[in-house]
Structure formats: structure tokens, C-alpha cells
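According to TrEMBL, the feature domain 'Semialdehyde dehydrogenase NAD-binding' maps to A:9-124. The NADP(+) binding site feature in TrEMBL is assigned to A:Thr16, A:Gly17, A:Ala18, A:Val19, A:Arg44, A:Ser45, A:Ser163, A:Gly164, A:Pro185, A:Asn327. Residues annotated as phosphate binding site in TrEMBL: A:Arg104. The active site, acyl-thioester intermediate annotation in TrEMBL covers A:Cys133. The annotation substrate binding site is assigned in TrEMBL to A:Gln160, A:Arg246. The active site, proton acceptor annotation in TrEMBL covers A:His253.
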Protein chains: 2
Amino acid sequence: MTQSNEMYNVAILGATGAVGQQMMDTLDRLNFPVDELKLLSSKRSAGKKISFKGKELTVEEAKPESFEGIDLALFSAGGSISKELAPEAVKRGAVVVDNTSAFRMTEGIPLVVPEVNSDALKNHKGIIANPNCSTIQMVAAMEPIRKQFGLKRVIVSTYQAVSGAGNAAVDEMYEQTQQIMNDEPIDPQILPVGGDKKHYQIAFNAVPQIDVFQSNGYTFEEMKMINETKKIMSDESIQVVATCVRIPVETGHSESVYIEVEKEGLTVDTFKNIMKDADGVTLQDDPTQQIYPLATDAQGKDDVFVGRIRQDLDHPKGFHFWVVSDNLLKGAALNSVQIAQSLVEQGLLKK
Amino acid sequence: MTQSNEMYNVAILGATGAVGQQMMDTLDRLNFPVDELKLLSSKRSAGKKISFKGKELTVEEAKPESFEGIDLALFSAGGSISKELAPEAVKRGAVVVDNTSAFRMTEGIPLVVPEVNSDALKNHKGIIANPNCSTIQMVAAMEPIRKQFGLKRVIVSTYQAVSGAGNAAVDEMYEQTQQIMNDEPIDPQILPVGGDKKHYQIAFNAVPQIDVFQSNGYTFEEMKMINETKKIMSDESIQVVATCVRIPVETGHSESVYIEVEKEGLTVDTFKNIMKDADGVTLQDDPTQQIYPLATDAQGKDDVFVGRIRQDLDHPKGFHFWVVSDNLLKGAALNSVQIAQSLVEQGLLKK
């Protein structure tokens, strides 16, 4: 895929987390031209050994000087760490692809889904933001429709997987599930939000809170979907509203998306054909054969899966569809590496 | 609640099913004036013993003559049985409250949620249809808003519990869950739809199919929500579109509902106050305390729980809310018994 023969020194910050692990796998699987790989983490996880391409690497504690000699740094260790260390990495010559919410809405910092707005990378000043997982899969599916028919409004309800809240949340879900199966008492400690006041049962439940509440009654996750969609599509006039819900699925976010297009003439068949041709999208839509996207099928796959495409029977410009993707891959690690690939292809990543 | 001292001979058809059991409990709990109770089922379940108010009753095979002397018959044994036996029951003088989809859209047959349209009972000709579970809780929450602000459109995505597909589906979910926890192979046989061609994993998944697909690409469950909402609200001009999804929850349907009202001036505070005063609705909405409806809290309760009320930041007449209710109670058995209560109160149930 790359147009140069350069090899790059790459750092992964948050290397021991769920996304960090996927970043390493994805660099390897997509054959990204890695010269040296440096694995960074908090002090607590430093010292762990992880192998990459048959070589054992030791995770180091991330410090400003860790980024000396690094060309590309993939960050996924929480917003406050990104705020502290991304400028330090940039100062030392690295380009940072940041998978936290720290810089997503900062003016001048590109927020990129390569299939949608790789052009925005041209203006980067060292930091590039990777959008929120739930946003990425939705905009990847909507963009090819928007290009041809415009996009007036988006109304989305999510069915999000627990791995989006980290490995400890996944452990909590499985432990809680077993306790309920055994008729034992449960003691939620993490979900819906690790640092929040109350914790609720996730096993055999649906919890309409992802991330903390904002003063306007929306959760931060919902505001991310609203604001990031407009920024990625460079159109503040698109009306977006979201309800984000966690359900007991390990990996694979599902979303029920309703859109209203601007132009007349879109049919279900045209919609399906556009999805068939779309980059990074796989159409799974045949009601006669009960074919539709499922979280269990999307796990471990790169694509965004779209199905259940229906025209609103009362509103010819309204369409419902169901979009599923691996939240750790296209929703996080894969999109970050694809941003890096696009930087290389556009000659925007310097040795 | 009743205004007469009459006692009624009541039959429950489908007495051994998940909803039938709840019907019996609800008759008892709401102190419905039952004189004799007759429990009916298919031939397969006949002979089972079930106790009601301390008296052991034997389930009998349902036949046309089973309804001799019955004043009120609550049906919940599948659409084809309702089509066959409801006219027979009516012929013998019973009023039938039917919890299947057999007669819901038949012209002249009232489709009733008592809080919304108990007036429609006045025109009954022997059969009254109980709406679909997912429709009931949504219209119960929307009606008080519609009365004051009108209702232009409804866009709903559901998170439906497995008990809506019957006891065998619940057993499948738990068995499958344990198999996955044990790393054993699974063999889906029932969900998403017992009689359909393919069966998918429900444990740790979200399945966007409830009931069979129609030729227009919608599932029958989605068409029920669309058509029944208009019929219950007696307004064909309301635009309704639905995506219905099964998730691994035993009991308690959750729904993410977006509505657009007709009139200006609705605020989140007004919306909350209207919910506080609404019959059969409990407001659970305080983001600062992480208070919102949860399926696990709604199980076994009569009310429809509403929360996460937010105004669309881009569309002042648009509102998102989250509504949860016990699908076996308000969604089925309770609503059926409430219909019977309303018949008694209106003097429409004769001995």
C-alpha cells in the first residue's frame, strides 16, 4: 500500500490495553513499515514483555523523552495522558495518532476516518485525532450515501460492546454473568463508567449510559457522536442526535441508524449498490435468507458491515439501516493504523 | 377499581405459557372479580395442575365448547389458535381479550392500551385485541405528550428481551450462555424466530430480527409497531418507523424512542412533568444521580419507566427518550387484565 520504501520508528502508548494490543497486531497484519517498535505504558504496566514479529519487547514507562527518535506514535492510554504527552512527542518530531477524546474537537487538529476525509490529514500539525469507535463505523457507512444524496439528519441508537470500556469491564461482564447463572450475588464495580458514582449490572441488561453525563443531559459518548460526525463530514448543518447504550456483548458495536437524505431518488436498491461499492464496507442484507450484520460475525474483521436497509414507509427520504463493526479494530486500532498508512501514502510522515 | 359487584367466569387460553402464567398472577394480584377460573391449553399441555388462590386447577385442552359459561376469555396461545377459537368463544357469549397478532389490525376490532384509548372498547363486538408488547410501552409513554403537543413522527429502535419469544427461548439463552462461558460449542435452535430457516446466537449478541421478514424488508414486529401505533392513536398521519432488535435480557423491553412533536414550546422539564403525572408511567430521569430506567429494575413491575429525556440540540421539536417495561406484564398480561378491568368499569362486560 505504501508508496515509499521508508521504514518508521513507531511507538504505541497504552501497549498493554485492549486497543494497544490490537494496534500491534494491526501494524503486523497490514505490514506497516515498522523499523523499531517501542511499547509504552503507565508505570504500573511497565516491565511487561510482549512479542512483536518474533521479537520480545519490554514495555517501558512513558515519559517525554520516550519519544526521541520516534516517527509515529499511536496513543491509546486515556485523555489526560494524551494531553500531557502528545505535545512532548510532537516536539521531538513524532506524528501522533491519538485514539482518545483529548484533541478530537480541537480546532486545527484533523479528525480522520480515511475512507471519509483523508484530505484533512494535509493540514496536520503533528497530532491527528482518531474518532470515537461508535462514530467511525457510522460515518464510514453514511459517507458514500452523503456524497450522492446529501445528508440532512441522523438519528442513531447504539448497542455497544463492553470491550469499549476496557479489559477490566469485559472481565466484570463475564464474572457477573457466571454469578447470575449460579444464582450468586453480584457486585458491579466498573460499568457503566469506571470513575462514575454508581455501577450497574451489565449481564442480561441494557444500560443507557456510556461515559459521563454532560450538563445538557446527554452523555459524553452521545456528544462525541454528534460533534465528531459534523467535524469529520465538515458540515455543521447536519442534524445529529444519538442515544448510546451498552449491552452485554464482548466485542462488536451495533447501531440502528436512521438518516434523512437531502436529494430525492434514493431507493433501497441504490442504497445497497452504493454500500457494495463503498471502501471498507461489506453489505450483508438479504431478508429472504435472514442475512444481516451481527456483532458475533464482525468480531476480528476489519470491515464495517451494513444491512437491514429500509426506506421509511412514511417518509421517502428517510432510511433505517443496521451497522456493525469490531470496535477495537475499525473503531480504534485499525483506523489509527489506516491513518498512519494514509500519512505515508500522502508523503506526510517524515523519517 | 370495579364499579359492580359482579363476579365473572374467566378462561385463560395458553395457561402454561410465559404470558398465561402472568395473566393468572395478575388476575389475582389486581383482585379481578373472578368467580370460576378455567385454564386452557393445547392438547400437549393439558392435564397439568396449576394452583390459583389456593385451589388446584387442571389445565384442559381448549375446544369450542370449553367457552360455554365463560364471561371473559384471555387468549395467549398463538395467532392461529386465536383465529380458530376466538369466534367460538364469542359465539358462546364470552368477551375475548386476545394477546396475539390475529385480530390487531382487523377493522372494527378495538386495539387497546387502557391509558390511551379505553373509549375504543365501547365499540367492541366480542373480541378486543391486546397490542404487541413493544408497542404498548411506547404509546403509553407518548400519549400524554401527544395530547398536549401533537405527534408528527416516531423513530424507534428496540432492545427486546428473550422472554418475548417464550419460555423455550429463555432456556436457550441461558443454556447457550453457559456453553459459551465453558468454551463449548453452541447449537441455536429457536431464536431469533422459532419457525424461521436460520437460528443465531443470542448470548453476547444483538440480533436485528424479531418475527419473520415481510416482503418490504421490515420484520413483522417492526410492522406491528408501525401499524399498531397509528391504530391505537387513531391517526394514520403519524409517521412511524421501527428497528426491532433482540438482546440477551430475560425480561424487560427497552426502547430508544425519538419523537417529533407538532407544536412548539415543549421542553425537557415539561416533558418530565407530563411523565410524572401520566397514568401507568414512572419517571426515572436524573442524570446527575445516574438515574434512568433499566430492564433489570423493571422486571416484575407494572409501570412503564421513562428516562433519558433529551431535546434534539439541532431540532427543537425533536426529543429522545428511553422507555423500559416488563414485556410479560404491561406488554402482555397486565394490559390484557387492565382491558378487562376497563370493560367492567364501563359496564361492557356482561355476566
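Our numbering is plain: 1 for the first residue shown, then up by one each step along the chain.
Heads up, the Cβ atoms here are built off N, Cα and C, so glycines get one too.
All annotation found in TrEMBL is predicted automatically rather than curated by experts.
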Counting other Cβ atoms within 10 Å of each Cβ, which of the binding-site residues A:Thr16, A:Gln160, A:Ser163 scores lowest?
A:Thr16
Quick one: of the recorded positions A:Arg104, A:Cys133, A:Gln160, A:Arg246, A:His253, which has its CA closest to the CA of A:Thr16 (NADP(+) binding site)?
A:Cys133
Alpha-carbon distance [the residue listed as 'active site, proton acceptor'; A:Ser163 (NADP(+) binding site)] in Å
10
How many other Cβ atoms sit within 10 Å of the Cβ of the residue listed as 'active site, acyl-thioester intermediate'?
28
Using Cα positions only, nearest of the recorded positions to A:Pro185 (NADP(+) binding site) (A:Arg104, A:Cys133, A:Gln160, A:Arg246, A:His253):
A:Arg246
Starting from the Cα of the residue listed as 'active site, acyl-thioester intermediate', work out which of the binding-site residues (A:Ala18, A:Arg44, A:Arg104) are within 10 Å.
none
Identify, in sequence order, the residues in the chain of A:Ala18 (NADP(+) binding site) that are 6 or more apart from it along the sequence and have a CB within less than 8 Å of its CB; answer 'none' if there are none.
A:Ser163, A:Gly166, A:Asn167, A:Val170, A:Leu328
Recorded positions A:Arg44, A:Arg104, A:His253 vs A:Gln160 (substrate binding site), shortest C-alpha separation belongs to A:His253
For A:Ala18 (NADP(+) binding site): DSSP state (helix, strand, coil)
helix
